[in-house]
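The following features are taken from TrEMBL:
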type	residues	note
DOMAIN	426-534	domain 'TMC'
TRANSMEM	143-166	transmembrane segment
TRANSMEM	213-231	transmembrane segment
TRANSMEM	306-331	transmembrane segment
TRANSMEM	387-406	transmembrane segment
TRANSMEM	440-460	transmembrane segment
TRANSMEM	492-515	transmembrane segment
TRANSMEM	536-559	transmembrane segment
TRANSMEM	601-618	transmembrane segment
Amino acid sequence: MFVRTDDSCNSDLSSDSCEYYQTEIFGLLPSSQAHLRTHADAVTHDSDESFHLDRVSWNPSVPLRALPVCLQDKRDIRKQQNLQRSSIGNWESWRRSQQTTRRRIKEHVGRALSRLLPWSHTLHKIEGQFGVGVKAYFVFLRYLLCLNLLYCVIIAGSVLTPTLVYRENSRHQRLPLGYKDIFVGSGVLEHSPVFHSFYTRGSLDLDCLNTPILFLLGMISILFLSIIMVVRRTVVGYKHSWLTGNRFSSNLSYKVFCGWDFCIQDRQAASLKQNFIRNELKMDLEEQTFHERVQSRSLRHWVQLILFRVFLNFLVLILLGSSFTLIHYSIVLSRNEHKDLHWTLSLMLEYLPPITMTTINYVLPHIFSKVSEFEDYSLTIQLNLTLIRSIFLKLASLGIYLFFLIRPPAVQNCSDTKVCKQIPVCGENEFGKEMYKLTIFNFLECFFTAFFVAYPRALLVEKFPSSSLLAKKQFEISFNVLDLVNSQTVTWVGMFYCPLLPAISAVRLLFLFYIKKFTVVRCCAPAQRMFRTASSSVLFHFMLLLGLSMSVVTLVVNINRFDQGGCGPFKDRNVSNVTNVCKEALPEQVQNTISYITSEAFAFALILAEVVVLTSYVSRGRANRKAIERLKDMLVMCSSDKRFLVKQHSTITRRQLRR
């Protein structure tokens, strides 16, 4: 029986701790018993109450509604706040009011920026109908679109605008734009702002302010910005997945009884919310069933399963080796001369490596998906394993393609005119053309797959609904994410030699969003099996980080390969010559500073500083991990306290009824 005093909480929404301290049964709670067993010197009720008051003391930097306390405590804090205002000085009062104003402005700006994000209503609808996994794909696509638009702004300000303003008159004759030129990047496009040769030195020819320096600074700033944004997003996602991953046990009763949003008034929004809760429950029950099946496995079953997994991984390695060999032969065949053929056949041969890579990247991931099903993993692990194998396939195939592009064909001498004609005049443009062709072909492949494969299949399903051979496909998240990562890697690789490639990629992603939306809504069925996207989203950005690393390596190798540029801003010179000329024009103190920054001593000091920072972060992470474990134990004990109180209440009620 609860005995309330005059100082008891007046709110029915008070927290458990506020109720516990006001009952005679507090000492019998499981959490109190555990506390007494852990700490031999148990504190008294008065010290507990003073600790509670200290715990909820008002902090001006934290908004009152964000404090995890009951309503009566918030009222007390509000009174304390009013008393402090009369006792503090004018400066302190002004400082606190300004702090509150800045916090509110930050909140309003955050809400305004969140409203500026495109397709929010569309993503909410897709989440309700097809789950959070499909929504994660579209959020990832929107993130890449915003990233490429930011690249366009940087390139327009640091590369394109100075070149257009200070560029000398071009002596190239104007060529007509043919159909083949659009797909290959030849003809008039070769001398347009799309490719590297357009950005000549021009009249802006100072030592440290010229087109090559601006071009180099623009590209380096894009790469650094990409590294910072991708690493930050990966780390934030990893922290969230670690907190809510396998160590986090969700409560089904909370989702059933407390998961509904009572502010919903629209019937469609209510249906979407029902679908979302149902998908969450399906994921929880699926994971619980799988863990029970894993715990019931015998030793013999484990040995057989491990041997079978080893065999399947060996089969995957064989498939990967065969695909790499096929890509090599397609590259060799496309480099042969084919001038006597019709332009359509010549175009097909030039696109033979992208066609081969696309075919392999389309077929093998489906095989990997079937292989992962036989390995008897959970659905989330199956998805991640398929992603890892498929991204290795895509990045490795792209790496092989880049390797043969970087390595020119072996030429002993140039006495033969036919052999000399095979050597490109501007190697930078040729490399940019290959990345341009990969981007264009990727868009064409998505377009034809949506409107000439998926849509006719959906029409046949609607016309013959009783057929067992036809059924609507499910949206394959892993394969579509891999396409995004592969296309963004191509954009990063070719950005230096095709500066407008981010703009082309932004337009492609804009059309791709609506194409994929049409494919999902019109041609796909909701997945029967759901999975969590916490760890998968981290894997998406980690794969993006791998693609960014590959692009940086390719750029460094290409810069060292072209000793003297054949065209563009670095014509008849290289990057080191341009930077050395700028360095020599600087004052002596700045030169000494740059020399020290590029020396081994500074690198050693930087490594030591990184070690100290990483050590502090690791220590903080361990402390946070222990705090999280303690909070989880407190949640468990809180649920035990509630069960104990319910049991005591039922016992008292039965006694009263007997009387």
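Placement of Cβ uses the backbone N, Cα and C atoms for every residue, glycine included.
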Beyond the flanks of the transmembrane segment (387-406) by 6 or more, those residues with Cβ under 8 Å of it: 316, 320, 323-324, 327-328, 331, 353, 357, 360-361, 364-365, 368, 431, 434, 478-479, 481-482, 485-486, 489-490, 493, 536, 539-540, 543, 546-547, 550, 554, 557-558, 561
Top Cβ-contact partner of the transmembrane segment (492-515) among 143-166, 213-231, 440-460 (pairs under 8 Å): 143-166
Folded-back contacts onto the transmembrane segment (440-460), same chain, C-beta under 8 angstroms, at least six residues removed: 182-183, 351, 354-355, 358, 470, 472-473, 483, 486-487, 490, 504, 508, 511-512, 515-516, 518-519, 522-524
Rounded mean pLDDT for the residues that make up the domain 'TMC' (426-534): 85
